[in-house]
């Protein structure tokens with residue numbers, strides 16, 4: 001390997017600060033090997049012979065395409081049931097507890113999960129509510145889940161999963177909510193009928209305008225893939241999709257504070273989430 | 001009570017809301033509505049109407065609701081024509097820090113429309129505006145960024161402007177910045193921060 005393709009400590013520092021500013025993802029020194037490996041892979045793929053050349057492209061490329069590719073390479077994009085489960089605990093132990101203090105009893109509590117991917121998140125929320133939120137006896141809850149990809153929406157509606165997707169589902173819940181179908185598991189009909197799946201392009205104002213009056217939005221690991229302006233525009237649409245006092249939950253590496261000042265930060269014991277002020281209109 | 005299948009918009013809520021036509025004329029009227037949520041929606045939809053740029057800039061100057069201001073700034077960023085860019089640049093002179101910072105974040109994303117204005121901004125009489133211009137350069141994907149920063153550290157007489165620029169040069173600077181960094185150290189020999197930041201930038205630029 002030519003000397004110029006080695007990533008020096010100074011290069012790593014420079015990259016780490018830049019990447020943090022752009023994405024909110026901070027790599028500790030212990031991740032050095034992982035980061036170097038991904039960077040060297042991308043340098044090879046783009047024909048850049050030195051870190052400086054690659055970093056200049058990353059930093060100044062007008063389309064931002066390489067930065068996007070690198071973000072994809074640096075993130076683990078895997079969906080499975082109960083991913084980042086602490087947010088579900090936050091939902092039942094903190095968020096809903098607060099919402100029901102001001103929510104009209106005559107109206108259902110509405111939860112929006114976007115992107116739906118193949119349904120693991122919305123079905124996971126439904127299971128979590130049934131298992132861990134006794135107040136469900138007194139409240140109606142609607143779960144809407146959306147994705148831009150119509151094929152993935154069909155998969156979500158079918159609710160069929162490989163064993164990898166259900167690896168974190170406790171055995172009693174697996175028995176209660178899934179049916180074995182050969183090598184796959186199908187989520188119960190009751191849950192499939194409880195979640196409404198819709199197609200939404202979050203960049204499309206008309207699509208977003210048609211989704212409203214939510215109390216909680218789960219939007220995890222989606223905004224990370226947008227450029228800053230699109231991220232801000234989407235966050236502002238979510239603001240209007242929420243009821244006053246509604247909450248939005250982002251992925252663990254995402255921060256609304258870096259996207260838009262419209263929301264208040266709420267630090268609950270289980271998670272940090274973001275709230276549309278109760279007095280907002 | 002239980003899990004119930006819902007709809008994207010519950011039919012029971014405010015029948016008829018936001019059912020108005022979304023054409024330019026109606027949206028411009030709605031931009032003046034008393035209800036800030038209606039103004040927000042109008043501003044968002046007007047981002048698709050270049051002819052609305054002037055109205056959005058005008059509203060930006062009078063708008064008092066922070067949430068509407070945010071959406072107008074984003075809408076101007078989406079429009080990104082010269083009138084919109086000038087409207088965003090006007091925000092750099094605002095006393096409203098939230099508005100100013102939002103405008104900076106949006107301008108950072110618009111390298112080509114912002115570039116023609118950068119020279120003027122970096123020579124503004126107000127050093128705070130020059131610092132904000134350097135803040136815009138922080139993430140501006142434009143090949144001139146290093147040259148603009150070098151010019152700042154060579155010529156700007158305000159230490160805070162130079163300090164902001166030298167911090168950034170540590171990240172984006174190449175070998176062509178070395179002489180300017182050395183010259184900066186000589187221009188501010190008694191300023192420990194400049195000495196430290198210029199040395200750090202030189203170290204990061206390294207030897208090739």
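Backbone N, Cα and C define each Cβ position, glycine as well.
Summarising the annotation, TrEMBL assigns S-adenosyl-L-methionine binding site to A:77, A:79, A:83, A:121, A:147, A:220, A:221. Following the DSSP three-state reduction, the secondary structure of residue A:147 (S-adenosyl-L-methionine binding site) is strand.
Taken from TrEMBL, the feature domain 'CheR-type methyltransferase' applies to A:1-279.
Mapped onto three states, the DSSP output places residue A:221 (S-adenosyl-L-methionine binding site) in coil.
The average per-residue pLDDT of the prediction over the domain 'CheR-type methyltransferase' (A:1-279) is 91, rounded to a whole number.
Residue A:121 (S-adenosyl-L-methionine binding site) is surrounded by 27 other CB atoms, counting those within 10 A of its CB over all protein chains shown. Fewest other C-beta atoms within 10 Å: among the binding-site residues A:83, A:220, that description fits A:83.
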